[in-house]
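Participant: Starting off with a structure, shown below.
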Amino acid sequence: MTFPNVKFIGNKRVLSIQSSVSHGYVGNRSATFPLQLHEWEVDVVPTVHFSNHLGYGATRGSACIPEEVHDLLNALLQDNGIVYDAILTGFVPNHDIIQVIFDCVLAYKKDHPKVLWLLDPVMGDQGKMYVDTNVISTYKAMIPHAFAITPNAFEVEILTDIVIHTQMDAKRGLEKIYQLYGIQNAIITSFEVEESPGTLFCMGYSCEHGKPQLFLYQFPSLSGVFTGTGDLFSGLLLAKYREELDKRKHQQSDETKQTKRPTVLACAVGQVLSCMHTVLVNTKTYADEILLEDPKIASDEFLLSNARELRLIQSRTALLSKKSIYEAEFLPGFEEGEDV
């Protein structure tokens, strides 16, 4: 089927390319609902088809066939004249699929250079890889073409060979990302430092005003196991970034133009972290209540994972909030060409 030659003008439209599960909230299922709440039209292409995420202990399904992913992307990006405002890429299990995605997105960007490509280089967490190692070189080739990346601390280590134990390590990691890949926006979604137990940090930079401007958020760590948070972060970031950008475009007073403000990205990240805090509190509260009612669930991997699924629908009001409960700290930047 081919759509008429219509450009879908007037809607915010994103193509989300990541994992697909029938049950629960990871991958496309975690990113789609928040984006739709923010009035985005979301088209999805799966990279895997699973019954549920791997934390359940047992799952059915398989990785998609590269040719299938290519056909889907070709139909959406080339054949049907659909114009996307953004492309969101997440979990990709192997090199063959990630190469297909890279080729298709790069070809689309040549014809649509203004499309925002938000790349989450999903490779692993806490020292453990959960994709084929041969994706690393392709991710490194992709990053310079993206608008922004959202790695976790372990993924920064893979991309830079810098292990993050301190805030200075995180800054050095971001500086090396900037030097190696030249990307204009990067966020380490969360990391811990040895001297601050119970606290998580999020650090990023944006080149909105030319040189990279660094920002840092810190927020309390919640006990518990949460899955799909990285996918939620990237989906929300796209929504909040566009919202903040549109708001500033409509503020035309001379005073607004002359006022030096935090970058759009820094403001968006603060809103994302605030939204996610509410989602995780709601998720933890629900799981604790379920375990209190039936303590036997704690010994059943499937039921426990089910109780810990993100409470996205129940947090829909919070997901739309434009407030930030956290205050950004703005750090001295780094200069291009410095040794790391």
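We number each residue from 1, going along the chain as drawn.
Cβ from N, Cα, C; glycine included.
Found this in Swiss-Prot, in case it helps:
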type	residues	note
BINDING	Ser19, Tyr130, Asp231	substrate binding site
BINDING	189-190, 218-230	ATP binding site
Participant: Within 10 angstroms of the C-beta of Thr189 (ATP binding site), what count of other C-beta atoms is obtained when all protein chains are considered?
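Facilitator: The Cβ of Thr189 (ATP binding site) has 26 Cβ neighbours within 10 Å.
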Participant: I'd like the number of other C-beta atoms within 10 A of the C-beta of Gln218 (ATP binding site), please.
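Facilitator: Cβ-Cβ neighbours of Gln218 (ATP binding site) within 10 Å number 18.
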Participant: Got a sec? Which of these binding-site residues, Gly224, Gly230, has the most Cβ atoms within 10 Å?
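Facilitator: Neighbour-count leader: Gly230.
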Participant: Quick check on the binding-site residues: of Pro220, Gly228, whose CB has the lowest count of neighbouring CB atoms inside 10 Å?
Facilitator: Pro220
Participant: Of all the binding-site residues given, namely Ser19, Tyr130, Asp231, which is spatially nearest to Pro220 (ATP binding site) at the Cα level?
Facilitator: Asp231
Participant: Between Leu222 (ATP binding site) and Asp231 (substrate binding site), what is the CA-CA distance rounded to a whole number of Å?
Facilitator: 18
Participant: Round to the nearest Å and give the CA-to-CA distance linking Thr189 (ATP binding site) with Asp231 (substrate binding site).
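Facilitator: Computed Cα spacing between Thr189 (ATP binding site) and Asp231 (substrate binding site) is 11 Å.
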